[in-house]
Amino acid sequence: MPAYATNMRLKFPIVALVLEIITIILYAVFVDYDDGKGHGHGHSNETHPEEQNPMTLYPMFQDVHVMIFIGFGFLMTFLKKYGFSSVGVNLLLAAFGLQWGLLMQGFWHLDNGKIKVDIFKIINADFSTATVLISFGAVLGKTSPVQLLIMTILEITIFSINEHLVATVLEANDVGASMIIHAYGAYFGLAVSRVLYRPALRNGDKNEGSVYHSDMFAMIGTVFLWMFWPSFNSAIAEPGITQLTAVLNTYLSLAACVLSAYAISSLVEHKGKLDMVHVQNATLAGGVAVGTCADMNIGPYGAMLIGLLAGIISTLGFKYLNPILASSLGIHDTCGVHNLHGMPGILGGLAGIVAVALGKKEGQASMQAAALASSLGFALVGGAITGLIMKLPFWGQPPDQNCFDDSLYWEVPEDEGENEGNLAHTDHSTNKAEA
Amino acid sequence: MPAYATNMRLKFPIVALVLEIITIILYAVFVDYDDGKGHGHGHSNETHPEEQNPMTLYPMFQDVHVMIFIGFGFLMTFLKKYGFSSVGVNLLLAAFGLQWGLLMQGFWHLDNGKIKVDIFKIINADFSTATVLISFGAVLGKTSPVQLLIMTILEITIFSINEHLVATVLEANDVGASMIIHAYGAYFGLAVSRVLYRPALRNGDKNEGSVYHSDMFAMIGTVFLWMFWPSFNSAIAEPGITQLTAVLNTYLSLAACVLSAYAISSLVEHKGKLDMVHVQNATLAGGVAVGTCADMNIGPYGAMLIGLLAGIISTLGFKYLNPILASSLGIHDTCGVHNLHGMPGILGGLAGIVAVALGKKEGQASMQAAALASSLGFALVGGAITGLIMKLPFWGQPPDQNCFDDSLYWEVPEDEGENEGNLAHTDHSTNKAEA
Amino acid sequence: MPAYATNMRLKFPIVALVLEIITIILYAVFVDYDDGKGHGHGHSNETHPEEQNPMTLYPMFQDVHVMIFIGFGFLMTFLKKYGFSSVGVNLLLAAFGLQWGLLMQGFWHLDNGKIKVDIFKIINADFSTATVLISFGAVLGKTSPVQLLIMTILEITIFSINEHLVATVLEANDVGASMIIHAYGAYFGLAVSRVLYRPALRNGDKNEGSVYHSDMFAMIGTVFLWMFWPSFNSAIAEPGITQLTAVLNTYLSLAACVLSAYAISSLVEHKGKLDMVHVQNATLAGGVAVGTCADMNIGPYGAMLIGLLAGIISTLGFKYLNPILASSLGIHDTCGVHNLHGMPGILGGLAGIVAVALGKKEGQASMQAAALASSLGFALVGGAITGLIMKLPFWGQPPDQNCFDDSLYWEVPEDEGENEGNLAHTDHSTNKAEA
């Protein structure tokens with residue numbers, strides 16, 4: 001069974017070290033510190049405050065950093081036996097991805113043949129990893145670390161092309177990246193998931209659920225994402241009132257979104273109970289959906305309406321659409337990224353088209369529409385091709401019966417007692433299907 | 001049993017959505033971004049740095065934000081079966097409360113008929129939710145989400161009146177809000193708890209305790225509150241040396257408080273052991289008690305003495321006073337907010353009277369005393385009235401036997417194994433008493 | 001058995017309160033707020049930005065604060081039954097240590113007989129506690145809170161002497177403190193551990209391991225340390241481009257380190273699996289090792305090479321060296337601080353010698369070498385003497401059979417059910433060996 005040669009002993013170290021060494025060589029050739037003497041940053045063609053003080057954006061960077069490593073990492077720990085992989089592989093992919101993203105984005109903006117790194121560029125490098133972490137959510141539990149490193153390289157490379165197209169060629173607005181990160185990351189991941197579809201898991205897996213404490217760990221991720229999302233949407237906004245606007249719109253959109261996500265959760269669940277899946281995810285949809293418009297003069301109530309709508313759409317998606325995607329289209333979406341990033345990302349793109357058409361910010365509605373189409377197109381085509389490459393039989397993909405289980409790729413602590421079976425969440429049976 | 005009609009399916013979604021929609025309409029009419037052309041902020045009549053750069057206070061805001069959502073949210077997760085409600089309802093109440101607080105506080109400071117939102121105002125909006133989250137601690141486990149939304153509206157509305165009175169009419173000092181947030185929130189919650197008293201729970205409930213990992217989750221809340229408290233007490237202080245003073249006094253008060261809280265915990269407990277209840281809560285009393293004086297020239301050792309005393313009082317309160325409150329006065333205080341916020345808040349108010357009398361800051365000792373009395377008066381009267389409203393039989397209050405148990409209002413994951421009873425913290429029996 | 005008189009009821013409260021009261025008296029005599037009129041900070045003889053605005057460094061301070069209290073605190077919670085002690089005693093030691101460190105460091109830089117506190121000084125006070133928390137990792141589970149308070153006083157006092165020697169006398173570079181904090185703290189702790197060696201634990205203790213959720217809690221510590229390490233290494237750097245360089249070098253070193261730590265972990269473990277011990281610790285070695293060079297012009301690729309190497313050394317140390325230290329040298333290192341702080345700290349010191357020799361920053365290679373030797377010398381001699389004092393029989397040291405178990409010093413929640421033995425991680429038997 002070569003497809004299930006899940007022993008990572010040689011292939012993972014070789015892939016990881018070779019990638020890192022190639023990256024270091026590229027850094028030696030192309031990357032240098034920003035000495036403050038360059039001009040412009042390419043992404044938004046605006047003057048950035050670090051031209052006065054190179055550390056001005058550092059607190060924003062750290063907020064984004066927390067979202068990437070704690071936020072995404074812990075949000076995915078809800079699975080009962082997959083916490084090590086969620087937070088651990090998240091760290092791996094983001095640590096490699098930010099190095100790769102800095103290169104891929106930097107190649108579009110060389111300065112005397114060099115990428116001059118500053119805080120603005122490492123914020124964007126962190127952003128580029130978000131696309132991968134969103135896609136990771138779609139395939140969580142069904143892929144090997146090596147497959148995911150391959151995905152990281154390809155997804156960030158393609159992201160950088162689309163970002164350049166959207167920001168520099170189309171000159172579209174997307175300050176909070178509803179389109180170029182959220183919609184792109186979600187549909188890329190769904191395309192990968194479609195290609196890697198496993199019919200045997202159609203009816204669900206016994207490990208594909210949470211236990212009480214794994215849901216609590218996931219809430220750490222949710223709350224950090226929720227709190228720092230205003231930084232995500234405003235980090236690269238024009239300084240001053242525009243940046244303040246991006247903060248306030250995101251703050252208010254998220255607040256309104258919580259109310260609608262909870263309300264709809266209670267409305268659709270058994271006896272009006274709240275569902276942690278909705279609380280963990282749909283409360284964040286307001287941050288995604290307000291992204292494109294965040295720095296626009298849409299009014300505080302406009303931001304709140306976007307958040308309200310996003311919370312409703314996202315919760316309904318989790319409840320009704322996710323099962324249909326799996327059963328009818330063969331798209332299994334472990335974390336429901338379609339509901340948190342996909343649909344709200346499209347909503348954000350559509351809101352941006354309307355807002356620009358209404359003159360809330362300079363720009364052309366047609367270019368906004370082209371940016372949304374471009375992001376979805378690159379995502380679906382890029383994701384499908386990436387999925388085919390990930391499907392090659394030598395990347396250590398897990399067999400069906402070992403999905404959603406850390407013990408295939410991790411040393412998992414043995415339960416102390418000899419009692420079998422009655423400590424389900426710490427009894428990690430091992431090695432069932434290793435070839 | 002209409003009082004126990006705990007099915008939330010219609011009442012919760014209707015209340016939540018109606019409140020949110022009313023709020024959005026009020027925002028459409030009254031709220032706009034601050035364009036930087038207004039003058040003054042009303043709260044402290046001082047020049048704030050955001051008049052130069054609107055983002056100056058943003059890192060302070062994020063620290064306060066973390067205290068509200070992670071700090072309060074996780075601090076209350078110590079109960080073995082009530083973690084979803086603690087962190088989840090905390091998010092719900094704070095998300096709604098900040099929207100409502102911004103309105104209620106803003107109505108006192110209209111600028112051409114508009115509330116002009118800036119970072120200073122969203123810090124204050126976050127602050128207003130702290131009162132609710134403190135009161136939530138007093139009634140934790142004994143109230144429904146709908147009851148708590150009602151409490152949020154009423155408590156923040158009354159808070160805004162008292163805050164206006166204290167800050168603008170009395171011109172009292174309370175930079176860290178020992179009186180207007182901590183004492184107010186605690187006694188408001190205790191008054192509500194008194195009105196909602198349940199004699200059947202007099203002897204404690206089997207679910208009203210912690211398990212090992214729930215105590216660990218609570219420590220996440222404790223430590224984030226402890227670390228960021230200097231930001232809480234200094235966020236709205238006058239920029240420059242005064243703000244630095246508020247940071248330093250709080251930092252040192254909290255450090256001294258840890259030593260006294262641990263020492264007294266060991267002194268009063270069985271065989272000198274430390275008690276997690278004290279560690280989770282009494283270590284924070286120094287931040288509460290130094291609040292009013294935080295920006296005053298009380299000397300570093302003065303701040304440390306306040307912290308030392310607060311740690312002692314708070315720990316002794318948990319050990320000796322809490323049981324008496326419940327047995328003699330019919331006041332059941334789930335999280336011991338009287339010991340963390342109530343008594344230390346009064347201590348802070350008294351310290352402020354003394355410090356102003358000694359000339360450590362401009363002001364009148366009599367106005368400080370009036371501010372303390374006002375805060376306590378509004379809290380007790382407001383809390384009692386709010387409690388009576390919350391007692392109305394159609395808000396879905398939980399029956400006695402389902403208190404302190406998430407499964408009444410939340411979908412709780414089933415334990416994987418079929419073993420009953422021996423996995424207490426993941427075996428969530430459901431629906432026992434739903435009518 | 002006087003050595004096992006572990007009842008803390010009198011000795012702990014007395015020691016803690018007496019230390020705190022002495023500290024407050026010293027603060028009353030020696031400590032005052034910085035009024036901004038002083039000159040210089042002694043540590044690096046450079047102009048610091050807070051001379052314009054005293055709050056400029058505050059976000060950096062908060063990042064460091066999070067590393068000290070959440071980072072170190074949760075990193076050590078990996079043990080199955082020692083989470084209360086890990087995060088709780090971490091809080092105790094750091095809260096006392098920062099007060100003591102501010103005094104010990106401040107005595108070298110009196111201004112009119114006063115220590116003038118500002119943000120720069122409280123960052124350094126937090127730094128001084130890091131040495132203790134590193135050493136705490138070496139002796140985790142084998143010492144009483146009273147012993148650890150004694151260690152805190154002595155270790156910080158000696159640290160302040162060495163720091164003064166390195167920074168002011170030798171004028172060596174160590175911006176990220178590879179030598180004066182990491183190597184010093186690690187070898188100090190190893191020397192203490194050697195003196196306190198327990199032959200009975202040579203073959204490991206049944207409690208000296210993790211369970212699934214304790215490993216998850218530890219990842220909270222790991223990830224916060226990883227994210228905020230750029231702040232640790234740059235907090236006291238010269239403002240401007242130099243500080244930016246320190247951020248970027250640390251960011252890139254840590255990213256490269258993750259790849260090499262994961263790769264080597266997979267290479268050396270059973271069937272190529274990843275090991276949480278390596279992920280929790282070795283991923284951070286890049287932050288330690290790049291510390292001395294962080295603000296030097298070593299090039300982004302230079303920082304990445306240091307990180308790559310640190311991840312390899314650290315992981316190999318955990319796998320192969322730790323068992324040898326215990327079996328051959330009688331040095332039991334609970335958290336493996338030798339691998340995370342010791343060897344990477346020396347690597348950092350060596351890298352600093354080379355970098356200065358190559359002219360990457362002003363300085364003398366010989367002074368760098370002397371700084372490294374001084375740090376190691378003070379650590380080993382100071383640690384050995386401290387260990388002897390800690391070995392005195394009246395500090396409540398735990399007996400061998402109660403090591404790594406919270407229940408000796410903490411009230412631990414009883415398991416709810418009556419089932420014995422089958423819930424190992426919440427069944428905390430008590431009092432076995434208290435004399």
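Every residue, even glycine, has its Cβ placed from backbone N, Cα and C.
Remember, TrEMBL labels are computer predictions, not curated facts.
For the transmembrane segment (A:12-30), same-chain residues at least 6 beyond its ends with a Cβ under 8 Å from one of its own Cβ atoms are 92, 96, 99-100, 103, 106-107, 110, 113-115, 145-146, 149-150, 153, 396. Per TrEMBL, the feature transmembrane segment maps to A:12-30 (among others).
Summarising the annotation, TrEMBL assigns domain 'Ammonium transporter AmtB-like' to A:55-406.
Residues or ranges marked as transmembrane segment in TrEMBL: A:60-79 (among others). Long-range contacts of the transmembrane segment (A:60-79) within the same chain, counting only residues at least 6 positions beyond its ends with a Cβ under 8 Å from a Cβ of the stretch, are 86-87, 90-91, 94, 98, 119, 122-123, 126-127, 129-130, 133-134, 136-137, 140-141, 207-210, 214-215, 217-218, 220-222, 224-225, 228-229, 231-232, 234-235, 276-277, 280-281, 334-335, 404.
Taken from TrEMBL, the feature transmembrane segment applies to A:91-110 (among others). The list of residues near the transmembrane segment (A:91-110) in space but at least 6 beyond its ends in sequence, with Cβ under 8 angstroms from a Cβ of it, reads 16, 19-20, 23, 26-27, 30-31, 41-43, 68-69, 72-73, 117, 121-122, 124-129, 132-133, 136, 145, 148-149, 152-153, 156-157, 159-160, 163-164, 168.
What TrEMBL records for A:122-141 (among others) is transmembrane segment.
A Cβ distance under 8 Å defines the sequence-distant neighbours of the transmembrane segment (A:148-167), meaning residues of its chain 6+ beyond its ends; these are 15-16, 19, 42-44, 89, 92-93, 96-97, 100-101, 104-105, 107-108, 128-129, 131-132, 135-136, 139, 174, 179-181, 184-185, 188, 192, 371, 374-375, 378, 382-383, 385-386, 389-390, 395. Under the heading transmembrane segment, TrEMBL lists A:148-167 (among others).
Summarising the annotation, TrEMBL assigns transmembrane segment to A:179-197 (among others). Long-range Cβ contacts of the transmembrane segment (A:179-197) within its own chain (Cβ-Cβ under 8 Å, at least 6 residues beyond either end) map to 127, 130-139, 142-143, 151, 155, 158-159, 162-163, 166-167, 172, 288, 291-292, 325, 329-333, 337-338, 340-342, 344-346, 348-349, 352, 371-372, 375-376, 378-384, 386-388, 390-391, 397.
The feature transmembrane segment is assigned by TrEMBL to A:209-229 (among others).
Residues or ranges marked as transmembrane segment in TrEMBL: A:241-264 (among others). Residues 175-176, 226, 229-234, 274, 278-279, 282-287, 289-291, 293-298, 300, 302-312, 314-316 of the same chain, all 6+ positions outside the transmembrane segment (A:241-264), place their C-beta atoms under 8 angstroms from a C-beta of that stretch.
Remote same-chain partners of the transmembrane segment (A:301-321), defined as residues 6 or more beyond its termini with a Cβ less than 8 Å from a stretch Cβ, comprise 248-250, 252-261, 263-265, 268-269, 275, 277-278, 281-283, 285-286, 288-290, 293-294, 336, 338-340, 343-344, 347-348, 351, 355. Sequence annotations record features per position, and here TrEMBL assigns transmembrane segment to A:301-321 (among others).
Sequence annotations record features per position, and here TrEMBL assigns transmembrane segment to A:341-358 (among others).
The transmembrane segment annotation in TrEMBL covers A:370-390 (among others). If one looks beyond the transmembrane segment (A:370-390) by at least 6 residues along the same chain, the residues whose Cβ comes under 8 Å of a Cβ in the stretch are 135, 143, 147, 150-151, 154-155, 158-159, 161-162, 165-166, 170, 172, 174, 179-180, 183-196, 346, 349-350, 352-353, 397.
Annotation source TrEMBL lists region 'Disordered' at A:415-435.
The annotation compositional bias 'Basic and acidic residues' is assigned in TrEMBL to A:425-435.
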The domain 'Ammonium transporter AmtB-like' (A:55-406) [mean pLDDT, rounded to integer]: 97
